[in-house]
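Quick look at what TrEMBL lists:
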| type | residues | note |
| --- | --- | --- |
| BINDING | D179, T181, D585, D589 | Mg(2+) binding site |
| BINDING | D179, K180, T181, E302, F344, K368, R397, T477, G478, D479, R559, K565, N588, D589 | ATP binding site |
| COMPBIAS | 220-241 | compositional bias 'Polar residues' |
| REGION | 220-247 | region 'Disordered' |
Amino acid sequence: LQDLFSINAYVYAQKPQLDIHSFEGTFTREDSDPAVHESLSIENTLWASTVVASGTVIGVVIYTGKETRSVMNTSNPKNKVGLLDLELNQLTKALFLALVALSVVMVTLQGFVGPWYRNLFRFLLLFSYIIPISLRVNLDMGKAAYGWMIMKDDNIPGTVVRTSTIPEELGRLVYLLTDKTGTLTQNEMIFKRLHLGTVSYGTDTMDEIQSHIINSYSQVHSQNSGNSTSSTPSRKPQSSAPKVRKSVSSRIHEAVKAIALCHNVTPVYESRAGVSGETEYAEVDQDFSDENRTYQASSPDEVALVQWTESVGLTLVNRDLTSMQLKTPGGHILTYYILQIFPFTSESKRMGIIVRDESSGEITFYMKGADVAMSTIVQYNDWLEEECGNMAREGLRTLVVAKKSLTEEQYQDFESRYNQAKLSIHDRNLKVAAVVESLEREMELLCLTGVEDQLQADVRPTLEMLRNAGIKIWMLTGDKLETATCIAKSSHLVSRTQDIHIFRPVTTRGEAHLELNAFRRKHDCALVISGDSLEVCLKYYEHEFVELACQCPAVVCCRCSPTQKAHIVKLLQHHTGKRTCAIGDGGNDVSMIQAADCGIGIEGKEGKQASLAADFSITQFKHIGRLLMVHGRNSYKRSAALGQFVMHRGLIISTMQAVFSSVFYFASVPLYQGFLMVGYATIYTMFPVFSLVLDQDVKPEMALLYPELYKDLTKGRSLSFKTFLIWVLISIYQGGILMYGALLLFESEFVHVVAISFTALILTELLMVALTIRTWHWLMVVAEFLSLGCYVASLAFLNEYFGIGRVSFGAFLDVAFITTVTFLWKVSAITVVSCLPLYILKYLKRKFSPPSYSKLTS
């Protein structure tokens, strides 16, 4: 390195404030004469995958991996487990205890004869079907099916399911935490308002601004053409004597020019076919053609401002590192040299630029930024604060624009101090900021701009639907309080008739206590609180604050950091125990999405970070309504029915085994051969049982029309210890009837008890699936008949497996016997006795205590 440069690189930062901006250094070109000293900063950084076209790169690796701010601001994702899976785990534990208890009872009734511990393990193996081993397989297949159905839904195109473990969570949500910009809004900025202090222009009066711009530039051009030196004096009085009251036209001229120059926007021109064959002049014309120009910038606000200046006649046509060119309404090109640029940062909340007019040589320092940062920089005025508040209440994002004219001496003095500060190794950022702040004094206030971020399509009806479904919505945003409140009202997150309690800024424990007491006295009002006040409240009164906030119909948290968003999600989970959902579109929402029980990402203008980190990815906010009301409902209801039926399938055959063993003096002899047991859980019953994933209790249109139905799902009544016990009783009843019925009706043909009871068992299972189904699908019918056909076909070549105990007993299946009328009516009788009472009970329940959805469908 010393051959070309003498490099001093020093990285300073405390751990919580690591940032790429803290890369500092200087280098000296010793091969030039005289030696040139320059500073190294973020501008000299080559990012990953950069292709260097020419020259040599000498690299210094700065913060990478875990020490970059993006990684430090992102929490490690947790493995998400659905509430339904946790509930099924509890039920499985209960079944395990039942298995052990039943085995101990059987050994006890045996009288602990002989090697009783060996019998105990034999009984544990015989009754092991109580533990639903196939439950996990069926559920995982079901979850995959739900994901496929969601992605194939034409009503929510572009939806991607990135997880196969928690689709049922969509049906159990109580809290929805949403970002604002890009989630509720489109992140497409439209210029709406220009305020000059004494006069305000809206969308309907922009033509007046356009006429003022055309007139002012036509006058300037005529003066230039008449006398090339007259243009400089004509503008000098305005900059040198700012106290002279300017005309509205000149103020508009200055404001529009400032907006057209103070930004980081670059115009881009698409290459067109046929350009190569045109003349040089035609290519120049095409470069500046309006229809072929697009603007690129890091912020959509800046693009909106530059597009607006184009609409009123002052167009940015070219920009490079050292200059930019503006085209006037008359088609003349104005060139400005960029002397310095001070980019926007989240700390300074403003950006500035120093330019030199090529024609006049004037040096001007332009600055724009948030009203909080700019109010202390601009000259005294009595309208800025009030108008900022007015615009924010209309939902507009405000920017204050100011300027300061510099003489050549002032600029040279500033430049030398600025370069010296940039070359310092220690505390460079502080020294540079101090030098720039020396310019930021008594700046001339030019105008206040208002830009609107439009709401996404159907946000209002979607939020109303979610609220009717009993879901509490919290909006977490980085925007200022007034803008967030206005968007909350315009999106109907907070109804216009509803009271809003705006939490006063608090910094101490005492202030937080007083404000919480004031809030406690209000009832049924929405809460609006800033991130700083929230942090103070959570520090001293966490439990009280969360308890009060959870009672609010809506909560708006403004000026929230990404870490705060994730912290709020965890607080709700910890204090309420309810299921949370987070939805966002940017990298700053990733922590919140990963912390929530169910994360939804929107593919927006801010990239795919949120979409890729989320469990579900959608293209528009309105799709969340169908995702929750239809797919969430179906996934939860289907998995609950599927899980309980698989448990029932194991319990019924274990009950039959218990009855069989007790009849034979508690012998630990298997009722069915292993092959039959495998067939029972797979080919004989799997298709009908799994077809429950196609069942639905309510049509999608009805679920969207009556979102109140969603409230029932959050109570968890589809799968609970009550429904589990009902299924256990059904299993014991049916298993007992099937086994005792086979023993009573076939006393003379006892050798055929396996064939008899197993046939009745298969028929009972198929009928129970039919009983459980609420809406038939043609595939369900196919599954029923396919399973029945497989069983009948297997009777022919599996006859040796239908004997009692071991095959050596010689009890084979008599094909002639199962074709007799006696066999058929007795099997039918056993099946009817096991199923008919349940059909009658289901009919009576629907008649006298129908579920809420059946009232609507009727």
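Numbering starts at 1 and runs along the chain as it is shown here.
Cβ coordinates come from backbone N, Cα and C, glycine included.
TrEMBL labels come from automatic prediction, so no person has curated them.
Keep in mind that this is a model prediction, so the values were computed, not measured.
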Rank aside, I only need the closest one: which of the binding-site residues D179, T181, D585, D589 has its C-alpha nearest to that of R397 (ATP binding site)? T181
Using C-alpha positions only, work out which of the binding-site residues F344, G478, R559 is nearest to D589 (Mg(2+) binding site). G478
If you measure C-alpha to C-alpha, which of F344, G478, N588 (binding-site residues) come within 10 angstroms of T181 (Mg(2+) binding site)? G478
Beyond D179, T181, D585, D589, what residues of that chain have CB atoms within 8 A of the centre of the Mg(2+) site's CB atoms? T178, K180, G182, T183, T477, G584, G586, N588, I602, G604, E606, A610
Nearest by Cα to D585 (Mg(2+) binding site), of the binding-site residues F344, G478, R559, is G478
All-chain count of other Cβ atoms within 10 Å of F344 (ATP binding site): 19
In sequence order, the binding-site residues (F344, G478, R559) whose C-alpha falls within 10 A of D179 (Mg(2+) binding site): G478
Given the binding-site residues R397, R559, which one has the fewest other C-beta atoms within 10 angstroms of its C-beta? R559
